[in-house]
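Trainee: Sharing a structure here in structure tokens format.
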Amino acid sequence: GVPICGETCVGGTCNTPGCSCSWPVCTRN
């Protein structure tokens, strides 16, 4: 739903629950 999780994932991982890496930012449905 919310496209931006407020987290970047240049390293390849997201720490925010429910977010996945869509390089270079974390996204969620």
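Cβ coordinates are placed from backbone N, Cα and C, and glycine is handled just like the others.
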Trainee: If you have Swiss-Prot open, could you say which of Cys14, Cys19 makes the disulfide with Cys5?
Mentor: Cys19
Trainee: I'm trying to understand the geometry here, so how far is the Cα atom of Cys5 (disulfide bond) from the Cα atom of Cys26 (disulfide bond), in Å to the nearest whole number?
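Mentor: About 5 Å separate the Cα atoms of these two residues.
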Trainee: Measuring Cα to Cα, how many Å separate Cys26 (disulfide bond) from Cys19 (disulfide bond)?
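Mentor: That separation, Cα to Cα, works out to 6 Å.
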